[in-house]
Amino acid sequence: MQTFGQQLINGLSLGSIYALLALGYTMVYGIIKLINFAHGDIYMLGAFWGYFVINQLHFNFIWAMLSAMIFCALLGVVIEYFAYRPLRHSPRITALITAIGVSFLLENGMTYLFTANTRSFPQVIKTVTYHLGGLRISNIQLLILGTACLLMLLLELIIKRTKMGRAMRAVSVDPEAAQLVGININHTISFTFALGSAMAGAAGVLIGLYYNSIDPLMGMTPGIKAFVAAVIGGIGSVPGASVGGFLIGLLETGVQAIGLSAYKDAVVYFVLIVILLVLPAGIFGHKTKEKV
Amino acid sequence: MLSVKDLVVNYGAIQAIKKVSFEIHTGEIVTLIGANGAGKSTILHTISGIMRPVSGQVTYLDRQIQKVAAPRIVQAGISQVPEGRHIFPGLSVQENLQMGAFLRKDRRSIAQAYEDVYNYFPVLKQRRHQDAATLSGGEQQMLAMGRALMAAPKLMLLDEPSMGLAPIFINEIFDIIRAINAAGTTVLLIEQNANKALSIADRGYVLASGEIKLSGTGQELLANTAVQQAYLGG
Ligand SMILES: Nc1ncnc2c1ncn2[C@@H]1O[C@H](COP(=O)(O)OP(=O)(O)OP(=O)(O)O)[C@@H](O)[C@H]1O
Ligand SMILES: [Mg+2]
């Protein structure tokens, strides 16, 4: 029971990170039907940004995270503008290959500039571990969980309550109709990339604090897992991405807890396959129903 | 109000519209009739700024708009009710209408626009909290028209509003088009249902293979033997 509770805490912390990342995948997919393979690398760049502003400019945690979000938002917008926008009307596979290319560019570019070495992330917040009836929970874990939930709530409000959010929903269900009511498609897509990338930037700083180490390839595996989370949740569904993220986080720590660490990734993919066999559209996805 | 001059529009190498010219005066109902593939929707998409012409001009209220982006065209007062309705599934009826007022800011006049739409289409008011995807075809057509009205258009472009509807719905839709026109909105109506369209139109144009073949008042075209043979089944 105690290990179960402990794994729940660890799983939720890790799951928050996957959830934040999965949101970017799902929003971008929802709006332009592109799997943005470079998304994990934006998360890596967010972590590096945090590393530098904390070390060089002595930012505190809040400013480091906020500035990483802004930096990543701009980066996402720039990547979309130069790499994906020119291919808007090309076959989908072209854009997909370009996304893989952008991912390599960011990974190799960062390796070239900063070497492939792992760096230890500055601990701007001193880790304090609380003991609650045999469970260990750190302030960092609480911070990750709290920040992730806050950001998800904020995102939900933006999507549901603001004009830009309504435009995002309209463009993702019917771009032609969206244009006919006066929505600027380009602005809406830029905004979506900005939002998704900002979430990735926050996740990058949080993981730096949690795991203590960052490197130019750190985005690869979490990127793929977050993508799996988005698919499990139902790609294109925002609540689905959050649920999928937490699910993968819990699963991974659970598998580690029963002593199968070496197989944790295999289990994640196995669950993906099982869920997709039972629910082909994911947990929150719905089959497109159209009336002609 | 709107004049289209020597319009040429291509899809890749295919020329869909070949030097089309026509005019709409303020307050009129003008209809453009033609068979499948004649190029009717292509013309509407060009006016709405979703497609760019290869050459030719579209002049609206003394301003050339053939290079203007779609949102600006809606803002200038041209709203389209697209072929196949294109309502937003997953959004409620009321949210769909709200999307129609996307570019408007004045809350008071938006509230008035809801009133107007619900007056034209009382069924939409009953269903306002329902997912738009669950409406019947006729109700979806009404919603698409209501959404276009929410932008307070000066010119409304309707692309085959009667498509796939039962006769009673068709009559209702055409009555409402007349009422909308009587309330001051100029109408460009695209139809394959030539009989109905010509009977409510001030003037009409016949489009075939991307070219205007005939034009005249609604009554003239209804009486024209060539039109009767080609489009009125007689
Ligand atoms: N996306 C496209 N790519 C290539 N050709 C197209 C495309 N859309 C339309 N066309 C062609 O352009 C021509 C005009 O099409 P358009 O849709 O304007 O016709 P329409 O008069 O609206 O027909 P319908 O009554 O069937 O709606 C047709 O020959 C059609 O095949
Ligand atoms: Mg058409």
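Yeah, the Cβs are placed from backbone N, Cα and C, and that goes for glycine too.
Just so you know, TrEMBL annotations never went through curation; they're auto-generated.
What TrEMBL lists as transmembrane segment is A:12-32 (among others). Among residues of the same chain six or more beyond the transmembrane segment (A:12-32), those with a C-beta under 8 A of the stretch's C-beta atoms are 39-40, 42-43, 76, 84, 88, 95, 140-141, 144-145, 147-149, 151-152, 155, 168, 171-172, 188-189, 192-193, 195-197, 199-200, 202-203, 206-207, 210, 222-223, 225-227, 229-230, 233, 235-238, 240-250, 252-253.
Non-local neighbours of the transmembrane segment (A:60-83) in the same chain are 24, 38, 42-43, 45-47, 49-50, 53-54, 98-99, 101-102, 124-125, 143, 147, 189-190, 193-202, 204-206, 209; each lies 6+ residues outside the stretch with a CB under 8 Å from one of its CB atoms. Positions annotated as transmembrane segment by TrEMBL: A:60-83 (among others).
As annotated by TrEMBL, transmembrane segment applies to A:95-114 (among others). Residues 32, 34-38, 40-42, 44-45, 48, 79, 83-84, 87, 216-217, 219-220, 223 of the same chain lie 6 or more positions beyond the ends of the transmembrane segment (A:95-114) yet place their CB under 8 Å from a CB of it.
According to TrEMBL, the transmembrane segment annotation covers A:140-159 (among others).
Tertiary proximity for the transmembrane segment (A:189-211) is limited to same-chain residues at least six positions away from its ends with a CB under 8 Å from its CB atoms, namely 13, 16-17, 20-21, 23-25, 27-28, 30-32, 36, 39-40, 42-51, 61, 64-65, 68-77, 79-81, 85, 121, 123-125, 140-141, 143-144, 147-148, 151, 155, 158, 164, 167-168, 171, 218, 222. Sequence annotations record features per position, and here TrEMBL assigns transmembrane segment to A:189-211 (among others).
According to TrEMBL, the transmembrane segment annotation covers A:226-251 (among others). Within the chain, the transmembrane segment (A:226-251) has long-range Cβ neighbours (under 8 A, six or more residues past its boundaries) at 7-8, 11-27, 29-30, 35, 39-40, 152, 155-156, 159, 172, 267-269, 271-272, 275-276, 281-286.
Marked as transmembrane segment by TrEMBL: A:263-284 (among others). Listed as Cβ neighbours of the transmembrane segment (A:263-284) (distance under 8 Å, sequence separation of 6 or more from its ends, same chain) are residues 221, 225, 228, 231-235, 237, 239-240, 243-244, 248, 251-252, 255-256.
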